[in-house]
Each structure stands twice: as C-alpha cells, then as structure tokens.
C-alpha cells in the first residue's frame, strides 16, 4: 500500500480529513530540524494559535518516515497532562503530515541563546520540577521520552513547562533502540544493542545532563565530535557541575540523576521528593524569566531593525553613511543593549561563551559544533507576501516571519522606496512585534541556515543511527526466526511424544482386550472341560453301577442256585421250612446287595463331588496362572513403552541441545558480524571526520595565507603612517630649531647653521628610513613566523585532538568487543547450565518413572498373588467344610478330564 493512502480504518482514524492549507492560515516558520519545519499558524475557524510540525514522508526511507509519523501521532494522542505538549490533531497533505500542537513561546535552550549566560539555580529548579512532573506521568504509563534536553523543554506564556518532541519516544518499557541526541544519551542507550534493554531511567540521565546544560550553557563534551562523545559517555565516569558556586542540593541532584548504573539511578517520582525541586522559590520565577527574555528578544530585533534602516538610507542616498557616524550610532545602540543584557538573567560569574545549542526538535541538529555568533548577526528575510500564502502545498523554506502582539516601532519620517529584498528585511523586524516569543529572529534564521547547509556530521550521525536500528532489526528478525524454529521443533517433539503416548495407550488397550478375550476363552474352555469331566465321571459311574448291578444279579443267581442245591441236598428239612429259609436268604441277599448298591452310589457321589471340586481348584489355579501371565505381559509392555519413551526423550533432549547450541552460535555470529560492521563504520566515520577537520583547517590556513598580504599591507601602511607622522614631527622640530638658531646666531653664521641643520635633518631622516625599512622587515618576518607558528600549533592541536578521539574510539570498540565476548561467554555458560540442569531433571524423571513403574509392578503382582492366595484359601476352607480334606494331593482317575 502506498503510504498516505489510508485503507486501514485504524490508521485512518489517526488523521483528520480537513485540508490543512485551508484550515490554518498565516503560517510562519519558527523552527527547523532534520524532520522538517515548525510553523506558527492560526486556525481559520476558531482563531486559535497553534504550532504545526510538518513532516514529509516521501523520498528516501519512505516506509521508516511513515512509521515514525504513525508512532508519534499514536504517542501524542494518549498524552493528557499539564506538563506535556497538548496535541490538537494531524492532517495529511501531499505526502506531508501536519502535526498540530499547542503554541509555546520557545524552549529552555532559547533562554540560553538569548541571554548568553547560564540560568539562575532557582530558574533551573523550576524548569526541572515541571519537566519531572511530565516524566513521572510518562513513566507511570510505561512510556519513555528518550530525547530530554533543553531544546525539548518548552515554556508557555503563563510559565508552564511542557515536554515536547516525542519523535524518539518509546511506547514500551523496557526498550532497546539506539535513539536520542548523542550528548544527552544515557550510557545504557548507547550500549542498548550490545548489552540489553533500558527503561525510563534513561530520561533521568538526560535530565541530569540538561541541568548541566542550563547551568553551563552547553552539555558536557559539547566541544567534542558527537561520535566521540558517544564513546566517551559509554566508558568514562559521569559528568559533574564544574563551577563551585552552585549549592550542594543542586550538585547532589545532578549527581543523583547521573548515576552510571541504572539500578542506582532514581525514578522520576523519587526525584520529585528531592530538596532541590521542593525548596521554596518565587511563584513568578518562570514568568519573570520569560518576560525578561521577551524584552531582550525585542531589543535584539530592534537592533537588527535599525541596522536594516541604515542599509535602506544608504541605498536611498546612493552612498554609505559616514564611517564615524555609523560607528557612533552602533556604539550607542550596542551600549544600550549591553546595559540591558547586564541587567538580565543570572548573576553567576561563569564566563559567557557563545554556544548555540538551538531548540530544534530534532535529536540530530543538537550535534552542531559551537557556532560563531557573528555569523548570524545579520539576518536576511523575505516579506509577508511569500509567507502568508497558505494555499500553496509547500511553504517556502524561508517563510519565517514573526508577528508580535505589541505595536511595532514606527518612524514618522517618510522613507524612500528601497529595493525589494532590503525592504523585506526591514519589514520583517517590524512584523515580528505582533506575537510573543522568546526566540530571536537571528536564532530562527541560523537554524534554517544550518539545516539548509550540507551538514556532513548530521548525515553521518543519521546514517549511524539508521545502521544501529537496522542491526537491531536484523537481530530481532533472527531472534524471531530462531524462536519460531525452536517453537516448531518443540511442537514437533511434543507431537512425537503425544503420538507415542497415544500409540502406547492404544497398544495397552489392545493388550487389555486381548487378555480379556483370552480369559473369556479360557473360562469357556474351562466350563466345557468341567462339563465334559462331569459327564465322563457320571458315564463311568453309570457304567460301574451297571456292571455292579449285573454282578449282583449274577451273584444273586449263583447264591440262589447254591441255596437251592443245598436245600435240595438236605432232605431232612421240610419243604415249607426250606421255602422260608430260601426266602429269608433271598431277603438277606437282596438287602446286602441293596446296601452295597447304596454304598456304591454314595461312594460315586462323593467321588464325583470331590473330583469336581478338585477340577474347579485346578481351573482356578490355571486362571490364576493366566492372570499372572497377563499382568506380567502388561507390566512388561508398560516397561518397554516407558523405556522407548525415555529413549525418545533423551533423543529429543540431545536434538534440542544441538539446536540450542546451533542457534546461539548463529545469533552470536550475527552479533559479532554486526559489531564488526558497526566498528568498521565507526572507524570510517572517524577517519572521514578527521579528513574533514584537516581539510577545514587547511582551507582556513590557505585563507589566512591569502589574507596575509592584505594584513601585511595594512600593517605596512600603519608603519608608513607612523613614519610619516614622525617625519612631520621632525620637520616641525627642524623648522622650530632652525628659526630658534637663526634668531640666536649672527647672520653671517646662518649659512653654516642651515647647512649643519640640513645635514642633521638628512641624517635623522636616513635613520628613520632605516628604522622604517627595518620595522617593515621585522614586521614581515614576525607576522610570517607568527602565522607559521600559529598554524603549526593549530595543526599540532588538531592532530592531538584527533589522535585522542581515535584512541577513545579504539578503547570504546575494545570495550564493546570485550563486553560482547563476555556476554557471549555468559550466554554459553547459561545455556550449558540450562542444558545440564534439563538433562539432570530428565534423568531424575526417568529414574523416578522407572522406580514408580517397578513399584507399581511389585504392588500389582503382590496384590494379585495375595488375592489369588486368599481365593485359594477360601476355596480350600470351603472344601474342608464340605469334608473333602486336602485336595492338593488328590489323584485323578486314569482319564484326564482337564
């Protein structure tokens, strides 16, 4: 999707649909930075005065610019606090975002720029107190500003302190991005990619640096190359206040903010309870400071306006003003301004240094080297016609006219019509009187001029930050990729474990079903065998009974026949008695046979019951054996499955270990490659910076050499003038002496005296001529030597400075490399400990599971045997109760019915 085409409803809701060029009128540039420009404007519908930050998202890094805009808009939308800038809305117009916010008079940095001296301690405390309230609000919502500095602490007309420029802010805490302005960066931000994450305490460090900035007009290390400052901050001790005139409370506050170790640094809430910000101070301290600054800005602008008027009059008269007249007027205004400035600001005795920190919202522009104030004294501006035109899609880059509420300075004298450009410049200083500001026109123009100039250092720092962010993205992308790979690996292993568990469960279910089927089959077979056994016994007993009955019949017949024979042989016994004896014998025989038959049936029944009981006992024992076999089979199966599971877990652990080591190696290799690339870039940047500084010094020396003849000529003319003055004096003295000698000597000696005086005058003039030539030669030699010595000293100083910066870079890179190697060693040791601990836990788990399995095996077998023993014991007791005795030694009949 093309950036700016709002198809996503969530993104579309971030922007208003109105045309900003129609809604806002009277746009005037009041600031500039790497992001674009900031404009003063008026809402055409409500007449509300606002500040508009224009940010283009076309050209290079379009996607990154668009994402930065979205992040800043989302960040600003959620802010609602008296000490944060009020968000009014955001509009889109032709690849440019119009970020509308409340208008503020200027920044704390502008106060330093206007007064050219540090602020008073009570003023610093008031500004710091307001900034701390804003930071406490941000930090309580897990937000980080990440670019706290004087240029981003704004002031309103009633003296309210506002935090601004959230382009570098983080919506998550902790964070680990390399962002911010070098001189104000906390050490953990500089080392973020190398050592880890940071939190809101980075803002506390930046606030401490800002306190030093307000107390000394510039942050520590500001005279150092920005890249070198980064290396210095990362590895050296925290800075402190230099002057001894600050109170102990202020010093403790700054030292507290600048604790090197983040864990020892206070939070914003803790700092709000510090004596430095809680002590009594005048309620109007900031209002008075703002008013004094506005007065000073007005005086500076009036001075510039008068300079423009001079140029106008000079052009009108077609000739320059009298030099002495101009100097006199300038001196008058300058003296007035000096008197005014001496009555403003701090009474500290800290030397006033012309340092331009600026109030740019961009974090990069604050890296500018100390600028010579004289370069921005004269400000060239265009008139209102090119500025107020709000219908054009792009406001002209020089539209920076200011308007004040107070009345302008009028001039009753009619002014001739000058040229357009000069007239516009003069008009600018009158129009600036229409709105309140604490930022002078020269400061705004200087910001624009600095931004328009090709700033190699700014581009270098932007490229360096971009590279660090890209490196971080690469690391995050690799970490995410490795995490996804590890998640996929673990998911695969988990699925394998689940599959094994499912398969094991299925196998156990199959085994259980198989065993149930076997038991059921055995039960059926046993029932059939028992029935068959019973039938066989019954059949045999029936057969035995039949045989027995037949035997009895035969025996009965034999006995009957035998008795009959005996009776027949005994003829003495009567027949009737014989009959009775035969009948009685029959009855006895039948009774005996009946008893024998009954006894046989009883024996058969007993035999049947006893053998059936014994058969049941055998079946029960066989069932017990099957149960034992089944439980052994089940337990053996479980053990086999558990051993397979353990082997699989060990294999998984080894594969995970191998993957973890490979991933750690890949991550550390990328990190080292990125650090090498970063160090190479830092070295190239430093070498490029060294060459640029040497080129600049060489150009300066060449200009000095080119300028030297003019300077020598001027000095020669000065010496010549001195010689001429001396000659004139001597000539006057000669005339006076000649007149005196002629008056006091006779007339006849006049000729001799005139000749003598003439010779003396000639001799003295010759001496003067010799002295003149000698002075010229000495001056020439002296100036040439002085220039050579000065240039050589400058070269030597530059070489020494660059060498120190290079040594600083090497030390920083060495430290980073050592820290990274130590980090890698810690990561490796941590991984080894984690792998070793995990393996120990796995082995312990395996031992515990095997022990639990063995315990389960023993308990289940024990319980089974005990149950079977109780069952047999109960069965035997029942058998004894039934009168069967010991069935263990019972022999089966020849036929095995089992």
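Numbering starts at 1 and runs along the chain as it is shown here.
Backbone N, Cα and C define each Cβ position, glycine as well.
In the shown protein chains, 26 other C-beta atoms lie within 10 A of the C-beta of residue 147 (active site, proton acceptor). Residue 147 (active site, proton acceptor) falls within neither a helix nor a strand when secondary structure is assigned with DSSP, and so counts as coil. The active site, proton acceptor feature in Swiss-Prot is assigned to 147.
The ATP binding site annotation in Swiss-Prot covers 30, 31, 32, 33, 34, 35, 36, 37, 38, 53 and is backed by sequence analysis.
According to Swiss-Prot, the feature coiled coil maps to 452-502 (among others).
Per Swiss-Prot, the feature coiled coil maps to 548-649 (among others); the stated evidence is sequence analysis.
Under the heading coiled coil, Swiss-Prot lists 754-879 (among others), citing sequence analysis as support.
Positions annotated as compositional bias 'Polar residues' by Swiss-Prot: 334-351.
Residues or ranges marked as domain 'Protein kinase' by Swiss-Prot on the basis of sequence analysis: 24-277.
Per Swiss-Prot, the feature phosphothreonine maps to 357; the stated evidence is similarity to another entry.
Within the same chain, no residue at least 6 positions away in sequence has its Cβ under 8 Å from that of residue 830 (N6-acetyllysine). The annotation N6-acetyllysine is assigned in Swiss-Prot to 830.
As annotated by Swiss-Prot, region 'Disordered' applies to 316-362 (among others).
Positions annotated as region 'Disordered' by Swiss-Prot: 405-425 (among others).
Residues or ranges marked as region 'Disordered' by Swiss-Prot: 565-596 (among others).
Across the region 'Disordered' (565-596), the DSSP tally of helix, strand and coil residues reads 27 helix, 0 strand, 5 coil.
If you take the Cα of residue 36 (ATP binding site) and the Cα of residue 147 (active site, proton acceptor), they are about 17 angstrom apart, rounded to a whole number. Looking at residue 38 (ATP binding site) and residue 147 (active site, proton acceptor), their Cα atoms lie 18 Å from each other. Between residue 147 (active site, proton acceptor) and residue 30 (ATP binding site), the C-alpha separation comes to 20 Å.
When pLDDT values are averaged over the coiled coil (452-502), the model yields 87.
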